[in-house]
Amino acid sequence: MDYKSTLNLPVTDFPMKANLPQREPEILAAWQQGDLYGTIAKAGKGKPRYVLHDGPPYANGHIHIGHALNKILKDIILKSKRMQGFDAPYVPGWDCHGLPIELQVEKNLGSKKHETTKLQMRKQCREYAEKFVHVQRAEFERLGVLGDWDRPYLTMSYDYEGITARELARFAENGGLYKGKKPVHWCSSCVTALAEAEVEYADKTSPSIYVKFLLQDDIGGAVPALAGKRVSLVIWTTTPWTIPANLAVALHPELDYVALETGGEVLVVAEGLKDAFMAATGVQGDVIATFRADILYRKRCKHPFYDRDSIVLLGEHVTLDAGTGCVHTAPGHGQEDYELALVEGLDIYNPVDNRGRYIQSLEFFGGMFVFDANAAVMEKLREVGALVGQGSVEHSYPHCWRCKKPIIFRATEQWFISMEKNDLRQKALTEIDRVSWVPKWGRERIHGMIENRPDWCISRQRSWGVPITAFYCTECGEILADGKTMHHVADLFMAGGADLWYEKEAAELLPPGTVCPQCGKSAFEKEMDILDVWFDSGVSHAAVLENRPELGSPANMYLEGSDQHRGWFHSSLLASVGTRGVAPYREVLTHGFVVDGSGRKMSKSVGNVVAPEEVIKKYGAEILRLWVAAQDYRDDVRISQEILTRLAEAYRRIRNTCRYLLGNLNDFDPDVDMVPYDRMTELDRWALHQLEVLKEKVAAAYNEYEFHILYHAVNGFCTVEMSAFYLDIIKERYTSRKDAPERRSAQSVMYLVLESLVTLMAPVLSFTADEVWGYMPKRSESSVHLATFPEFRPEWKDESLVERWARIMAVRGDVSKALEQARVQKTIGHSLDAAVTLAAEPGLLSFLQEYAGELSTIFIVSRVDLVEEGAGDYPAAEGVSGLRIGVSAAPGEKCERCWHYDEEIGGDSEHPTLCPKCAAAVK
């Protein structure tokens, strides 16, 4: 007789080979055809809402691995929230305006760019952004990210542009918006002002020079030792090109300064920097006087090569960190210089044009590019005898985020949002303390930035963006930027988009009957600057959260890379607090950057770039999702082929566990066959205890956003508790009758384990969980993504049972080692060929005797004999004290059906090759 048909072997159509690169698109197509996200949204109606607001990626180029990390993290959180019973919508967005797109379009136009009107340029920029919105949307969807992809928010949509203009109008209404001349980060290559977030720092070698400014006023009355002497203040700078713009020298009011007599002249430096100055310049001299800075206040120095004075001022910004303690002050080229000049009534002088060249009228250097002029300025200083010393310094210097070229500080007429008006700075700092920051250091980072930042420069001298909706009276030059006018224009933009600004004349854009409040005339011209793109994305709380009924403000979470403390988190905070008084988010979570396996930054030149598309083609998006979950994303996140291969192996283990469970549930109906907990075997109850521990651990990991803990918990559960122990032991139940209590008990556990496992892993392994779900008996929903996490069952926790089974597992571990030794010595082949004798001390023996009937199953051997410690000379166990283990060939014949050896085989004439247990099972 063929007994194979009487065995309960695992049967399932669930494929062993994942074949993810081919299977995932099929699952994705099914989600789209069945409108899975729409179904989820309907199911969420009436549930408590959880809003994670999507920071918009830039609609330029294909997605990179950092995008994948970000979008998958968001997707994991939102899916976990839905499975916890929340209505958790996801509205993706794109940042569509700005310099990178405009520069790319200019590049594509080539020489034709000079013939292109602003309107034509904007049309091409819009088409370019639309193209990459479509490209990136498909790439994000391919990652398994569920969302309202058919209705994303775009910062270039008419309603978004209109709301952006409306938010600007609100700042005009509350007095926060103003126009002024201030030094701002300026890219002479891109010909525009830059926001703090558009500035990157890179190492640069700059000249380091010491320059003397001859004191014009005699201070002999206050410092007699200096009477009648030629006295100069020495400044230090790494930007010689700003010397032509010098208007002052700043000293610290609380510092002591020394007069060094050297070669017939006197040089003044801070006492605390005297030695460093002398070492750097080689100047030798004696200190002939020490005095406080205040005696020099408002005294006149002569500019080194221009016929004008440089005034001595006092400033708290002067430090002893480097230089001389006498600070070169050019109000048109530095924030602190500018602030001091405002207090002291100096001009905000800037002799540099938009393209980084000195104005033609500047004596000696007119028309020169500023960085090229460094050498010429130094030569001029040498010529007039003002150069005290020179060298070079390697330092971190600001560069443009887009063209990567060094930038300058340059005073220009710009539009600003005041940090002091309406107490914006203090209100923002207060709101920061009401937000939960993950990791916690995020709070200190953004707090320091807001505390020390200048007014927000929101104007850009480009074409592709939302115009600053201000007007100028052509008669008297008065600025018209009031709430009524700007709200009127915002309404026009809502209906027809911001291109109207370029299509219509000023008179067509203004409210009827508008006249200049200053002179009463009615002829106006339009402001041609556009808004900083960080203002665009910063008002998304108004344009998206408040504008879409399924969302709401403030959002529960903003989640982006750690660079966004100075970017989107920052601009969003100011935009919201500035008009509403509250932060737009309750919690902010940040992740690090993606680096290679050695921790190096990714770079095309190094050749270590890992593209999401390549990973998906080779491994599938599921492995990318597992990679995101497996990392502690709060630091920089490593990725390499080795890491991905390791994760692919972990994925296979999880998949195979699910497949094995499915295979053993092919004839199980949970409504009919489920065995109650109190009628299960001890081993089965042990498995449910472990399942409950897993559920608690995973739930906590989701709540704390510690997905690496979740990954290790699920992987460990599948590998250790299930495959290596529980599933290994219960395999023997395949020989039981179909409806045998012990088999149904194991099936009940396997069903509960699989149901929990598949829902717990669904936010991470979204494709596989849904694939497994499709094969499950009696699933509650059509997709796992419509299901909820399993309920907690605290009654399944049994610590005393776990302690007992920990002892059994320890004994099993030692038995396995003894079996391996016997295998090496050719005493046995398979473990079922073995009979094991355990000689144990009284306490352990008594404990093991309680499980005497189960030990052969637990050890996967044919027979186990328990004897007292002194009986027989067996080798001592490696781990468990008071235990000796003997292994011998099992007596009896091998059962044809279960492969156990048994001395009673042949006792049943109908089934002479079966053991009694199998003979009973087949009858």
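Every residue gets a Cβ built from N, Cα and C, even glycine.
Keep in mind it's a predicted model, so treat the numbers as computed, not measured.
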When you get a sec, could you say which of 13-23, 57-67, 387-397, 552-562 is annotated motif ''HIGH' region' by Swiss-Prot?
-> 57-67
Tell me, if you would, which residue among Cys898, Cys915, Cys918 (binding-site residues) has the fewest other CB atoms within 10 Å in the structure shown?
-> Cys898
The mean pLDDT across the motif ''KMSKS' region' (601-605) is 80
In three-state terms from DSSP, label Cys918 (Zn(2+) binding site) for me.
-> helix
If you measure Cys898 (Zn(2+) binding site) to Glu560 (L-isoleucyl-5'-AMP binding site) at Cα, how many Å is it?
-> 57
How many Å lie between the Cα of Cys918 (Zn(2+) binding site) and the Cα of Glu560 (L-isoleucyl-5'-AMP binding site)?
-> 61
Could you tally the C-beta atoms, other than its own, that fall within 10 angstroms of the C-beta of Cys895 (Zn(2+) binding site)?
-> 24
Within 10 angstroms of the C-beta of Lys604 (ATP binding site), what count of other C-beta atoms is obtained when all protein chains are considered?
-> 7
